[in-house]
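Participant: Straight from Swiss-Prot, here's the annotation block:
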{"type": "TRANSMEM", "residues": "34-54", "note": "transmembrane segment"}
{"type": "TRANSMEM", "residues": "56-76", "note": "transmembrane segment"}
{"type": "TRANSMEM", "residues": "119-139", "note": "transmembrane segment"}
{"type": "TRANSMEM", "residues": "152-172", "note": "transmembrane segment"}
{"type": "TRANSMEM", "residues": "179-199", "note": "transmembrane segment"}
{"type": "TRANSMEM", "residues": "225-245", "note": "transmembrane segment"}
{"type": "TRANSMEM", "residues": "248-268", "note": "transmembrane segment"}
{"type": "TRANSMEM", "residues": "283-303", "note": "transmembrane segment"}
Amino acid sequence: MSVIDQNAIAVGPRISEADVGDYIALLKPRVMSLVIFTALIGLLIAPGHFHPVLAITSLLCIAVGAGASGALNMALEGDIDSLMSRTANRPIPRGRVTRQEALAFGITLSFFSVLTLGILVNWFAGALLAFTIFFYVVIYTLWLKRWTAQNIVIGGAAGALPPVVAWAAVTGSIAPEPVWLFLIIFFWTPPHFWALALFRTDDYARAGVPMLPVVAGPDATRLQILLYTIVLVAIAAAPWPLGYFDAVYGVVSLALGAGMLWLAIEVFRKRDRIPSLRANRKLFGFSILYLFALFATLGLEAIARMIAPLIW
């Protein structure tokens, strides 16, 4: 037997070590949970009756589409993930799943989610979901993230689309209400992720990702966080006086906005290392609570309107 034959036998075909948990990790469950939540609010506030089976189908398809995007993102960012401590334990850097397996998994789920939503619900929603996946995978992952400090600003559009897709699933159209939801998430994304990037700057620099703190420095990032937070608070409060959302939402948005703005000011003010790290972490954590509470208020208002005729 030749040396080549012996080597071929020794190497052999790679046997995947992945288990179910690894494939679940590819879906980015935390991101999926946020997508499902914001999409659910889009469904709840949409006008008209929507059959529960179609509602569940829509949420499932949007969730699977988000998971597909996550899997494709990990497949295309395996080189970056392996260099960052925050992502080094993901399935691909650990060698549990190959990039080819993740690509196949993500592509399969993408087609399944889009086709199922289009066939069973409506093709407008299916097309929006397809665009969301495309934008996240191609525009953000392959282009923006690697080449510009505005990566999460422009790329944030993908994360802001799920409630729009959900509204379209119910109505087959787009209206001002889902556009407001889109804008809230869009302007929420930069302060949220830049706060994370401020205490993960070394991680991003090591991986060569041009996040704003790496490219422009922490002071410029703090200013941008404050400016985007001011816009976010204004955008989030605007639907109330304009008549799109109720007064309860308006009061909650102002209260949450005050907290968000205060923490953004703290991030801007505190420049020493330890106080700065604490301020960044507080803003990052509160921003999650901010978005959840804001959207939950809309959802609870919608549920209250649904059950009011049954009570009175």
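Each Cβ is built from the backbone N, Cα and C atoms, and glycine gets one as well.
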Participant: So if I exclude everything within five residues of the ends of the transmembrane segment (283-303), which remaining residues of that chain have a CB under 8 angstroms from its CBs? That is, six or more out.
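Facilitator: For the transmembrane segment (283-303), the far contacts come to 34, 37-38, 40-41, 44-45, 181, 184-185, 188, 191-192, 195-196, 199, 225, 236, 245-246, 248-249, 252-253, 256, 259-260, 263-264, 266-267.
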Participant: I'd like to know if the transmembrane segment (152-172) touches the transmembrane segment (34-54) in this structure, counting it as a touch only when three or more C-beta pairs sit under 8 Å and are separated by 6 or more positions.
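Facilitator: Contact confirmed: at least 3 Cβ pairs fall under 8 Å.
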